[in-house]
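Trainee: Quick one: the structure is below, questions incoming.
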Amino acid sequence: MQNMVILGATGSIGASTLNVVACNPEQYKVFALVANTNVAKMLEICIAHQPKIAHMVDAKAAQALKQQLPSHLKIEVTTGEDELLSLVSCSEVDTVMAAIVGAAGLPSTLAAVNAGKRVLLANKESLVMSGQLFIEAMQNSGAQVLPVDSEHNAIFQCLSERSQLEIGRCDLTGAGVSHILLTGSGGPFLTSDLSSLVNMTPDQACKHPNWSMGRKISVDSATMMNKGLEYIEARWLFNASSDQLKVVIHPQSVIHSMVQYRDGSVLAQLGNPDMRTPIAHCMSFPQRISSGVEPLDFFKVGQLSFLEPDFNRFPCLALAIEACKQGQEATTVLNAANEISVQAFLDGKIRFTDIAKINEQSLMNTATHPLNCIDDILALDFQSRQYTLNAITKLN
């Protein structure tokens, strides 16, 4: 029986994880659930899964949850940053699902890694921001990090066993890998007229053709910044050079990514677009468990098509690839800027096409400094956010 902590329990990845747990109750126990402010959802899942601990990042939300939880459940409600870091490091915890969206997820994810836990990594921003520090922490602690993002999970499954055991320090060339092919659907605006993008609304941007996701990641998919962040994540997870990474647009989201080998072989992982599949794979690796997902029906799939990315349509993707080449400081700045600009778009403060423009401004103009520890990373993250907020104010 594995004791699990689910960070971001009230989000879409949290919900999918709890669904997989419910399919396999004899193997997994929810030890703790962690959320930010969503008391109603947390109350619902606490009653359903009865964790030992429910942690709310927001203190007022924690108090509200404590008042509403039935007393007979005997669930301890906690709050506070130190309490969260202690929770993921607790000796009773085996596995941590790291699914807090954005930079907010970095401290708790890194704490779980430093504690040597089995970390199911759905928070791509942790690697985008901390990169080498994250990999070094993983190697020093002996933590097992397994990629939950469908693309990185697909790549992981297509690699050799030796490479799977060397996450963060893979020798792709030695393993015969020529290229990692990172697939992406192109989002809801793949075929829209370029001139129409300026008027796209948040609701339109959040209508992904294949996946059901939260609003921030849905906008990132529409700009393809999500693929750019995944490009950076793949660079660190698989120790890949920019020459070894390629982005391929695959509108059907059936092939989740591919690995091309020196001998001409291409291995691909296919499946229905449902996050329960990679979650179940990570939870049970190297075994396999039920995910609750319907098997892929090849007779209904139809045509599979592939396109080269158009950087005029997706300037955020180009920015992310360039930032990856520049290094850790640039990717930290870009990630922070993007979180602010996407939220501004969702709040109706800027236009869809302003996201890339503001991100580029921040990347070009935020002063950087060496990143030697997590405090350095968070300081640069804050600096980039402040610059971006000012840029948005000037725009309006």
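Note that Cβ sites are derived from N, Cα and C of the backbone, with glycine treated the same way.
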Trainee: Figure out which of GLU26, GLU44, GLU230, GLU294 sits with ASP149, GLU151 in the Mn(2+) site per Swiss-Prot.
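Mentor: So, going by the record in Swiss-Prot, that would be GLU230.
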Trainee: Of the candidates SER89, SER91, SER178, SER185, which one does Swiss-Prot list alongside LYS124, SER150, GLU151, HIS208, SER221, ASN226, LYS227, GLU230 as binding 1-deoxy-D-xylulose 5-phosphate?
Mentor: SER185
Trainee: Determine which of ASN36, ASN38, ASN239 appears in Swiss-Prot for the same NADPH site as THR10, GLY11, SER12, ILE13, ASN123, GLU125, GLY214.
Mentor: ASN38
Trainee: Roughly how many angstrom lie between the C-alpha atoms of ASN226 (1-deoxy-D-xylulose 5-phosphate binding site) and GLY11 (NADPH binding site)?
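Mentor: Pair distance, Cα basis, whole Å: 17 Å.
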Trainee: Cβ neighbours within 10 Å, counted over all protein chains: which one of the binding-site residues HIS208, GLY214 has the most?
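Mentor: That would be HIS208, with the most Cβ atoms nearby.
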Trainee: Counting distance between Cα atoms, which of the binding-site residues ASP149, GLU151, HIS208, GLU230 is nearest GLU125 (NADPH binding site)?
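Mentor: Ranked by Cα distance from GLU125 (NADPH binding site), first place goes to GLU230.
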Trainee: Using DSSP, would you call ASN226 (1-deoxy-D-xylulose 5-phosphate binding site) helix, strand or coil?
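Mentor: Its secondary structure by DSSP: helix.
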Trainee: Considering each pair of residues in LYS124, SER150, GLU151, SER185, HIS208, SER221, ASN226, LYS227, GLU230, all listed as binding 1-deoxy-D-xylulose 5-phosphate, report the largest CA to CA distance in Å, no decimals.
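Mentor: Farthest-apart Cα atoms in LYS124, SER150, GLU151, SER185, HIS208, SER221, ASN226, LYS227, GLU230 are separated by 19 Å.
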